[in-house]
Amino acid sequence: MRVKHKPWAKDRLEEFPAIYIKNPEDFKGQWHEVFGNDNPIHIEIGSGKGQFISGMAKANPEINYIGIEMIESVLVSALDKAIEVDVPNLRLVARDAKLLEDCFEKGEIAQIYLNFSDPWPKKRHTKRRLTNPTFLTIYERLLPKAGEIHFKTDNRSLFEYSLVAFSEYNMLLTFVSLDLHNSDYEGNIKTEYEEKFSAKGFPIYRLEAKFDRN
């Protein structure tokens, strides 16, 4: 989907330094100082317009959340959501997922959310998928031993690819649903895409996984 360029987005984001972290590399290993506490940090990679990450931050004040979205013209919508919920445990960052190790120390992130990531269906684009082993290597470094990845998508092909990728990486699959909204899973917070696709009757696929470091 083509994103409409908003030339004013960068300036708008920088008007709210309490929410938008312009230079996240400056806080590598020091994110507890940003939040003013030692609560666990959860990140969403590809936050889109921010409905999920804002909802999570509001529902779980004992956890710190960082929404990461590389496109500033999209992240500015997440900023509006963050302003609306007005909670102290939410920050936003504009960075490519490939650069996360520049922003976070090893083991600094307790949990990672991947919601409705671009499926990159063409074979030559496989390495761009956020569940590709290249990215799993990055996530493994960011997460502590007990850290988890939570992944949701409406794309069955991407979900099947991800199941294989996680398994071949020797990850432990602790939860798998092929129809999340008709399962007994509680506490689900929907993304904008999730609402749209589920309203059309499409099943939502979800998994939870962690790295096997025994």
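Note that Cβ sites are derived from N, Cα and C of the backbone, with glycine treated the same way.
Residues or ranges marked as active site in Swiss-Prot (evidence: similarity to another entry): ASP118. ASP118 (active site) falls outside any helix or strand according to DSSP and counts as coil. Applying an 8 A CB threshold to same-chain residues 6+ apart, the list for ASP118 (active site) reads GLY46, ARG128, ARG129, LEU130.
Taking the Cβ of GLU44 (S-adenosyl-L-methionine binding site) as centre and 10 Å as the limit, one finds 24 other Cβ atoms among all the protein chains shown. According to Swiss-Prot, the feature S-adenosyl-L-methionine binding site maps to GLU44, GLU69, ASP96, ASP118, an assignment based on sequence analysis.
The substrate binding site annotation in Swiss-Prot covers LYS122, ASP154, THR191, GLU192, TYR193, GLU194. Cβ neighbour count for GLU192 (substrate binding site) (all protein chains, 10 Å cutoff from its Cβ): 16. DSSP classifies GLU192 (substrate binding site) as helix under the three-state reduction.
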What's the CA to CA span in angstrom from TYR193 (substrate binding site) over to GLU44 (S-adenosyl-L-methionine binding site)? 15
Minimum Cβ neighbour count within 10 Å among the binding-site residues GLU69, GLU194: which residue? GLU194
Take the Cβ of THR191 (substrate binding site) and count every other Cβ within 10 Å, whichever protein chain it belongs to. 23
C-alpha of THR191 (substrate binding site) to C-alpha of ASP96 (S-adenosyl-L-methionine binding site): distance in Å? 20
Which secondary structure state does DSSP assign to GLU44 (S-adenosyl-L-methionine binding site), in the simple three-class scheme? strand
For GLU192 (substrate binding site) and GLU44 (S-adenosyl-L-methionine binding site), what Cα-Cα distance in Å is obtained after rounding to a whole number? 14
